[in-house]
Protein chains: 2
Amino acid sequence: MSNTLPRGAAPIRVALLGCGTVGTEVVRLIEEQSKDLTARIGAPLEIVGIAVRRPDKHPDIKASLLTTDAQSLVDGDADIVVEVIGGIDPVKGLLVDALRSGKSVVSANKALLAEEGGLLHAAAAESGADLYYEAAVAGAIPILRPLRESMVGDRITRVLGIVNGTTNYILSRMDETGSSFSEALAEATDLGYAEADPTADVDGFDAAAKAAILAALAFHTPVTTDDVYREGISAVTSGDFASARDMGCTIKLLSICERVSDPDNPSEDAVSARVYPAMIPRTHPLASVGDAFNAVFVEAEAAGPLMFYGKGAGGDPTASAVLGDLVAVARNKVATTTGGGVSTYAALPIRPMGKTPTRYHVSLDVSDKAGVLAAVATEFARNDVSISTVRQEGRGDEATLVLVTHTAADEALAATVEQLHASEYVRAVVSVMRVEGKDS
Amino acid sequence: MSNTLPRGAAPIRVALLGCGTVGTEVVRLIEEQSKDLTARIGAPLEIVGIAVRRPDKHPDIKASLLTTDAQSLVDGDADIVVEVIGGIDPVKGLLVDALRSGKSVVSANKALLAEEGGLLHAAAAESGADLYYEAAVAGAIPILRPLRESMVGDRITRVLGIVNGTTNYILSRMDETGSSFSEALAEATDLGYAEADPTADVDGFDAAAKAAILAALAFHTPVTTDDVYREGISAVTSGDFASARDMGCTIKLLSICERVSDPDNPSEDAVSARVYPAMIPRTHPLASVGDAFNAVFVEAEAAGPLMFYGKGAGGDPTASAVLGDLVAVARNKVATTTGGGVSTYAALPIRPMGKTPTRYHVSLDVSDKAGVLAAVATEFARNDVSISTVRQEGRGDEATLVLVTHTAADEALAATVEQLHASEYVRAVVSVMRVEGKDS
């Protein structure tokens, strides 16, 4: 259990691409904890260069380290490249070059990994470099390494994640205070939880990128952002929350990665990856994940249910995840080895959303005519959707019909809702929301 | 992202020591998932021998694999030894021999790792073998690898674990139903959650071994079972739960590993490792961990709070953790490398329980005399313990005084309680329980 540092062990040379909130924290942690990190790695870390857009904006960093030429760092003699710039271009080219030249890469870039993970992993495998990106999903929460390594002997069946802090803050506030989406968004913006242009968060793009990364690792299959079905939260109303409460549920934006049967070949597996707001029972461990926290719920055949919970964003938590990867990769450099790669051997087909089994909660304003229930039930039956529960509330002008279905193909459920809109018995479709959790 | 299996890759040879509930599951998973495991590892796993006490008790296993001679497997030509026997002897000698001969070891043996982790890690480091034991703490929950690898760039300040399912089941039942300890224990025994001799669980020995393992990894310091202060749950009463409820708390058996200041040298860190039942606020993420589930709450400087939740025991969940380690170690064998070792470079001193800062909740039956509160407050002040809240309930014969202290050295709190027992104003010390969570 001893760890004697070889005297004068050669430092591990680190190039940093980007130096915003996360990068600044990474630099600070490397400097402040240098003694501990050296002991844990078996060699000191040395920052050999930091690529930034505006060197004059970084007065606290030694000027000799700063450069605007990221490519020179990638082409230089660093052992490890840490990327915290974000976005696809020009980062993609930089990281491919770094990996091809044998430099290990630590990245926090979910968009790039979700879109070009295959390309990057291939470049890493080619030269025997490491590629880690724990910070790309759920900030400080260790979830990718557990999926890549701890659970690699098990068969994962489902991953349900709350992986976007902004939308979780908004939905938590709507749930707690009864406020509207726009009120809760304004509050999130004031508090700095939402960006000036909240599209990436609110419309589910961020959660979809993370779903692609989670699904690829969980199911050993190539999954990119384009494979992920996506709906955002801007259409969620306080009425939806009232309906959820009546059901003993709350509403969360879920990134769902599921092993399902292949519609063309029911004895084979397929992967479903999707992001949308859904009702989940308040008794589900994810229901109590409030504020801007993140959590990932994993179900595996032998392990059973697992949950990982923590801070999903912010400079410090993200930097913690980057540092963890950096230390692991640096240890590998000292041992002149690499960690376990990522395999996509299973290459499961992606099941399209329409064919994916889901459940709907539908709330209808109905007219006060005889035969309403029969008429509505007929629409469901026509699409082969079976109803789990139905509840009629109020009478006369105020009558509301609340239905929860059993599991059916999403396209059958969507078609039913479409037909209900046109029904003479239905005055308004008040709320339509998918329901996650076990079908009863 | 591809993973092409080299044709005819030499199998990784696995010897299994022990074949009870967990071992049987390990064998089943290796056989059932052999195609997937081969793809993930890059070579097939081959079980070359299984050491058992009674070969005739294993009719489902090929007889040629079974042996009563574990030493022969350890001395043989296996690449990896998987140990699921448990206990210190003779396993210690077997695993040291295996590691010294360069065989990597995967173990689920918390008692051995807690007591002899240093010896085993030294043997592993000597020959360059891997030593992993995820299954030893919190069953299927990936917690040791996240501590060893994901969080290795951060500074962990505290680990709070519910790591014993038996006691968590008992305390959850006492909380839900108001039953006594012995009633809840009887129920746990009936359901198979408690063993015929429940001492190891109920008296906190199991949780203490796990605390030692967690503390060693979190603080890079040698910590053994003997360093862990330990109290069990058999003295917890339904009155304690009533007091907890009044405080908005519940009671959990916690394994607590904390970075504290060294009493002899306040500018230096020390480690406190301890196990006892304590009140925690119902709003704490650990409070809702019910039944026989386990959870580990980790606080780190940069990452903030994290929680890991799942099944802590049982054949399948434990086998899932063993398999994860086995695949990781087998991948390393294929790559002719080893994973990151465990370092104890920090070698922090252990802070004894008496010097550890804790908080107490004390409930007293007091006599109906004037000056009771002053007399009781004087006992606390005499030991330099400051009181956070005090509440008087009832009058006359039924008067109860409920006090919660601020943080103070545990020995000062214990001395105060001792003196209260002797006070003429105190008719009975009804409940004494430590309180975890932030001091207000």
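For all residues, glycine too, the Cβ spot is worked out from N, Cα and C.
Taken from TrEMBL, the feature NADPH binding site covers A:Lys110. Under the three-state DSSP scheme, A:Lys110 (NADPH binding site) falls in the helix class. The Cβ of A:Lys110 (NADPH binding site) lies under 8 Å from the Cβ of A:Tyr133, A:Ala136, A:Val137, A:Asp206, A:Ala209, A:Lys210, A:Ile213, each of which sits 6+ residues away along the same chain.
In the three-state DSSP classification, A:Glu195 (L-homoserine binding site) falls within coil. Among the features that TrEMBL reports, L-homoserine binding site is placed at A:Glu195.
Classification of A:Lys210 (active site, proton donor) by DSSP places it within a helix. If you look up TrEMBL, you'll see A:Lys210 marked as active site, proton donor.
Sequence annotations record features per position, and here TrEMBL assigns domain 'ACT' to A:361-434. Remark: secondary structure over the domain 'ACT' (A:361-434) totals 27 helix, 30 strand, 17 coil, with classes taken from DSSP.
Taking a C-beta cut-off of under 8 angstroms and a sequence separation of 6 or more, A:Glu195 (L-homoserine binding site) has the following same-chain neighbours: A:Thr166, A:Thr189, A:Asp201.
Every protein chain shown contributes to the tally, and the Cβ of A:Lys210 (active site, proton donor) ends up with 29 other Cβ atoms within 10 Å.
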